[in-house]
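These come from TrEMBL:
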- 44: active site, proton acceptor (ACT_SITE)
- 280: active site, proton acceptor (ACT_SITE)
- 146, 328: substrate binding site (BINDING)
- 259-387: domain 'Alanine racemase C-terminal' (DOMAIN)
- 44: N6-(pyridoxal phosphate)lysine (MOD_RES)
């Protein structure tokens, strides 16, 4: 095993990503779908905060993924990050690409998502101009009302595609569910029916893509009928369940392993006299003499200000409370009950230390949000270290 202490001694805060947990979660998806179903590992938003290049390279260490696995990103910038890291696998850009960047995307053989007729026409024009085929996945609207071709526009879409076969390869068609995370909802069935209707309509218009994909993590775990021949494995790749419902409904057969631990170290220890106030706005008053630790992490780093006087961290394997308002670059923690604590000691903001764990779900509940936000908002400038 790598000497992590030597590697991280230069950092004031860092994120450790457990390789074995990451690969375990990838295998969960592989075992849960048929052998002919392609896994698209979603590494958008800096791999949900885990580090896009670090995660991608670790996944490729698994031969069953490196031979045919895909990567899904949000932006052309993320696609270039993967390409510059030497990633050769197919990359689908799921999000919006500014028109001035479309030519770059086509030139570099990135897969594009089409959901707008004007963008389709621009892709056709550019592909002809640079004499290079563009490979696309059509996203159809089925009731989430984000990106997606509206049903009434499908005929016009297909007409342009049929005229442009020499420069546009329609490789995939897909949609995105609105609430598969809600275990009691059946709305996904309505969306699925509309998706299949849209696929059939494209087929009658002589457009028959190779790949059909609708399942993100929740549907992959809960609804085998939605797998088709590709699934988008996102939040659960990192060991997090899309919701409590999904965890409850799948826990008996599926065990995910959280891959991320966010660490820092104590910058200073001080004794605060009884009656003193701590931090900005004097938001916390010491009811007795306290020993506090100043740690060099704040809301700039992604430790949310909503955790002021609510959050907990781990010091010497014990939970310690955040006191006062979280600052831009630091926060204060009550370590009165921790003997022999000193500057330089390791602190865990998220993850396990000893036998105690702070989960993304626990932090999310205190913030009034979801586990996705907790991990994705960790500042991308913070080093990610594979362990």
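Cβ atoms are placed via backbone N, Cα and C, with glycine included.
Sequence features, as recorded in TrEMBL, placed on the structure.
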| residue | record | DSSP (3 states) |
| --- | --- | --- |
| 44 | active site, proton acceptor | helix |
| 146 | substrate binding site | coil |
| 280 | active site, proton acceptor | helix |
| 328 | substrate binding site | coil |
Who sits close to residue 280 (active site, proton acceptor): which same-chain residues at least 6 apart have their Cβ under 8 Å from its Cβ?
324, 325, 327
Helix, strand, coil: count each for the residues of the domain 'Alanine racemase C-terminal' (259-387), based on DSSP.
23 helix, 49 strand, 57 coil
Just counting, how many other CB atoms are there within 10 A of the CB of residue 328 (substrate binding site)?
11
Neighbour count, 10 Å Cβ-Cβ cut-off, for residue 146 (substrate binding site): what number do you get?
9
Separation of alpha carbons, residue 44 (active site, proton acceptor) and residue 328 (substrate binding site) (Å):
25
Cα distance (Å, whole number) from residue 44 (active site, proton acceptor) to residue 146 (substrate binding site):
17
Non-local Cβ contacts of residue 44 (active site, proton acceptor) (under 8 Å, 6 or more apart, same chain)?
72, 73, 74, 75, 78, 94, 95, 234
